[in-house]
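See structure below.
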């Protein structure tokens, strides 16, 4: 964090108070009460744990930015959930859609915040708190506008358009990261320690365990099928990650970066199609391809694409969420045609 932002009284304090006042006033006019919902509290809590604990620890691999990844992650989610509910409520008011249940609204807001948390990983160690807060507000608004365009002009179902969070968050974060200067190759900001890697692996375990709930949260009739297929895809991607990590390292040992990124790639890929896959072997193939894409893509991006496009990705969100997200979109198109 830059030294001129250590005193939060002159920057963060007034920005937070202003945003919270706007959220309170806007909520008074847009929302009435928390009516009944088809989403249960345990389902919501699984996703809430995943976003707060999972992503908070997942991005805690830089030794100098452990608090930035976990502490500011909570701040960003608390602000972003309120902003997301207001943006969605304003669009529903303009389109004259009926008001949804309270737990459904907040569940959609938490899922939407996944895009912001992923984008935060691309600028981790380069953005200060004020920039992170402003990025949260802008990204949430743009994300809901993109969902509105998808549903209005492309006729994409709301549940499917919500699964664009991985793809949107990865490339929005890369676009924001391109506006910052790239750290030096041997800069201490990019270094990690065994303890920080262990924290990151703990976050990966949280994400792996709760990802079936994430993919099935917004599906009512196909919820059990989405959980079933997501788990098979995650299992196949985890096994493939360990195999490829051993094959691609020079000393034949496991590499923490490969395991951390590739074991959850299957969950990202089947997010679009988990509710519609009829046979689990299709989900397993998608999980295997997602893990291969993540590990091999990390080598290709670092050697070929990133230097050419001047992309500096702090947490590897491009090959962890971006490439598996593209693979998931292609899988959705192919399965729809078939």
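Including glycine, each Cβ sits where the backbone N, Cα and C put it.
Remember, predicted model here, so these are calculated numbers, not experimental data.
TrEMBL lists transmembrane segment for one of the ranges 201-220, 261-280, namely 201-220. Contact between the transmembrane segment (132-149) and the transmembrane segment (317-337) is not supported: fewer than 3 Cβ pairs lie under 8 Å, counting only residues 6 or more apart in sequence. Residues belonging to the domain 'Ammonium transporter AmtB-like' (15-336) score a mean pLDDT of 84 in the model. Spatially, the transmembrane segment (74-94) is not adjacent to the transmembrane segment (317-337); fewer than three Cβ-Cβ distances between them are under 8 Å for residues at least 6 apart in sequence.
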